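Asks: The structure under discussion is supplied below as structure tokens; questions concerning it will follow.
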């Protein structure tokens, strides 16, 4: 019990930083962030509304797209409000429990998005492999259970993280190097060994995001094998074009994450705080903004 309360006894709040070295420009950064937030809500809200009111879009593909849009909105609502409070209202403080809650939701919705992308990849495979039985295979019940399974997995793997953080003592700086709370940043402020936290975080990344990448690649290999079996070249290209939106979304989500992870691993000691901040922001902020644009441009039904 003493260890569990140690962090709260030492730090009752954290200080979230804006972009390092630009305190005078922080208010101006609120405008593009506010624009991104508004664009995210409008874009994903429009996707949800169009799918709801248009009967021709009541198909498995668009139900999965609705889940993706809801996830994007939830992820944005977990990050952007705290960023706006820093840049717009100059209110960088966040209480310890609120920081842990924000960290929990950011990681949960990040893993949910990864799981939804895997589901959408196999949705494309089923649609191409068994077009005549597509709707009968991916029924409403199957889609609902898939969504519940994706959310349950995310909650279960992230659930221990708040308790691991609460067991750490924070007796030095309480300044976080980001505009929102993340597990890796919070544990770096601890004045005790974080080996367990680091090991658990690595396990989560490998067995969630890593596994999801492999499953997505597998689905595309199976899809490509099916497409190559189509005799007509025109039909092959037409079939492949139905996967472009999903492929773009996958690249938007995984490439920034892998790029950031690679750079941090190789150049950790030489990277400036600004680079850390920008990489994290690209990974968390851009996909929710760009996903509805990608689907609107590349999906003529929407």
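From the backbone N, Cα and C atoms, a Cβ is placed for every residue, glycine too.
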Asks: Membrane-wise, does Swiss-Prot list residue 27 and residue 52 on the same side?
Replies: no
Asks: Which is it, of 178-198, 199-219, that Swiss-Prot names as transmembrane segment?
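Replies: Checking Swiss-Prot against the ranges 178-198, 199-219, the transmembrane segment one is 199-219.
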Asks: Give me the stretch from 28-48, 57-77, 102-122, 240-260, 277-297 with the greatest number of Cβ pairs under 8 Å to the transmembrane segment (199-219).
Replies: 102-122
Asks: Ranking 28-48, 57-77, 102-122, 142-162 by Cβ pairs under 8 Å to the transmembrane segment (277-297), which is first?
Replies: 28-48
Asks: Same chain, outside the topological domain 'Cytoplasmic' (49-56) by at least 6, Cβ under 8 Å from its Cβ: which residues?
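Replies: 62-63, 65-66, 301-302.
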Asks: Give the sequence-ordered list of residues that share a chain with residue 191 (disulfide bond), lie 6 or more positions from it, and have CB atoms under 8 Å from its CB.
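Replies: Non-local contacts for residue 191 (disulfide bond): 169, 170, 171, 172.
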Asks: Helix, strand or coil by DSSP: which one applies to residue 99 (disulfide bond)?
Replies: helix
